[in-house]
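Trainee: Got a structure for you, written out below as structure tokens; questions coming shortly.
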Amino acid sequence: MSSSEIKRGVPEGLWIKCPTCKATLFKKDVERNLNVCEQCQHHFYTSAGDRIAQLLDENTFEEWDANLQPVDTLGFVDSQPYSKRIVDQQKKTGLKDAAVTGRGFIRGRGVVIGITDFAFMAGSMGSVVGEKLARAAERATELRVPLIFVSGSGGGARMQEGILSLMQMAKISAALAKYDSAGGLYICVLTNPTMGGVAASWAFQGDITLAEPKAMIGFAGARTIKNTIRLELPDGFQTSEFLMKHGFVDRIVHRRDLRTEVAQLIDYCDMK
Amino acid sequence: MVPEPLPFEADIHQLELLLDKLEGAGGEGASDETRRMKREHRALLKKTYDNLSPWQTVEVSRHKQRPQFLDYLGLCFEEFVELHGDRAFGDDRALRTGFARLGEHKILLVGHHKGRTLKERQECFYGCTHPEGYRKALGKMRIAAKFRVPIVCLIDTPGAYPGIGAEERGQSQLIATSILELTRLPTPIVCVVIGEGGSGGALGIAIGDRVSMMQHAYYSVISPEGCAGILWKTANDETKPRAASALRMTSRDLQQFGVIDDIIPEPLGGAHRSPRDAADALKKHLQRRLRELVSLSTEELLAKRYEKFRKLGQFA
Ligand SMILES: [Zn+2]
């Protein structure tokens, strides 16, 4: 997908083509349907903002740390300086970085929520994502409410922040361990895609792990694996269904049922 | 023995070959010429190794003769009772675990092993761990914590293994679980990157109360090859060094970022030129750090460990 296609959740224009069933769909219909294809149930990208609207009770979201800004500690330059990339991405997405965190209600149940948005540098995790998610876990510990993280991080740890991005895996994990020790309920929802350092840390540290259908989820990228083993990868490799079959996902949940299922799970795991 | 030369060591190698010949000739009363050459050799090594580029550091960290886990095991530790198997799938040879003695300390030793011969390297996947390796390590570390036996982790991996089986068996899940549990495991943990600190595969056992690096090790979010491949489409002699520099992966960089506590000095010309001296430095470091940590209460230990990782990161 090009950057302009990602921004609004589905490609620009009145009509879009479903990459799975190839049906031509009226864009407005797809948006009304939570960015899911009505023909084959393909789950399109959905932004952090849309996600909040889909999951939380109307007007209950209170955002935290919205002004945390990434910095270019390394002076990293690839095709352009990271500092410039940050500004471009901020303009493109309206986000300061890839994570949105805060509190709200799901069918009347108070929760802390954190979401990574693929639109901002593939949802990759740098210091801001790490700090926001760690703070969210710490506040959920204080508030004694369930914690819901939704991952949409294709990039894993953010290369442009070097070793500090790797350390965010440790930082968030430490905060989640504390929350867990305090008896917190952590539900993680894996969406397309969840890879690399995000998968190898907070995405797989939930008490309950949910996944949207056919999301790509895994540790190593398909290309890296192919280059290493020099074999073709099996059909359906690293999908939600593959993960569930191998025992690493509790439930695959259609986007329209997510809100109900999360509320249902919360009721079984009373934190009092 | 003359070490195998790295690409940037042509001059050093020439001198070493000459010196080897002269010393082999057995002229006991070292001639002035030999002494002069030895001085020149040391000066050249110092100049080269004081100014290694990040990519050269990566090459040193991967040198075939660089001491690995099993070498340090023999050189630093008095005993090793290896504990095998993850109780679920198998016994990952890329990650070794067992009780060991280090001076006055009884410890659990955990470390990646890369192997040297082709057979050994294939057996342990060049130090690339599978999920069962992390499950095994965590299992043994829990035993250690139960009896408050301190843990020493020696990190040396290009990364966790990228393969079909590894994904089927939950590479992400096992690394994630290991990281989370290590942040709260109630026993002292000292981690040292002895060679390659390859991203998540390294981090899976690199959570501790002290995290340090051997001087010429590297520790990075992504390998220079991986980074070059993503940013410049191809990993070659031009892009790999660029990536290594951009990622800031040397021990000096990491100390600057506050990610590591200590840099353990290597002998002149790198650990592979004198494994004995490298091992002595490592041993001294481990003993000093363990002595500090065993006196802390568990509460204090874990509070400090939390702070250590909690504060990492930079933002505005
Ligand atoms: Zn469709």
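The backbone N, Cα and C atoms fix where each Cβ goes, and this holds for glycine too.
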Trainee: Suppose you had to name the range TrEMBL annotates as zinc finger; which of A:18-40, A:41-63, A:64-86, A:225-247 would you pick?
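Mentor: Residues A:18-40 are the ones TrEMBL records as zinc finger.
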Trainee: Restricting to the chain of A:Cys21 (Zn(2+) binding site) and a gap of 6 or more, list residues whose Cβ falls under 8 Å of its Cβ, or answer none.
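Mentor: Those within reach of A:Cys21 (Zn(2+) binding site), by Cβ under 8 Å and sequence separation of 6 or more, are A:Cys37, A:Gln39, A:Cys40, A:His42.
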Trainee: Out of A:Cys18, A:Cys37, A:Cys40, which of the binding-site residues has the smallest number of neighbouring Cβ atoms within 10 Å?
Mentor: A:Cys40
Trainee: Where does A:Cys21 (Zn(2+) binding site) sit by DSSP, helix, strand or coil?
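Mentor: The three-state answer is coil.
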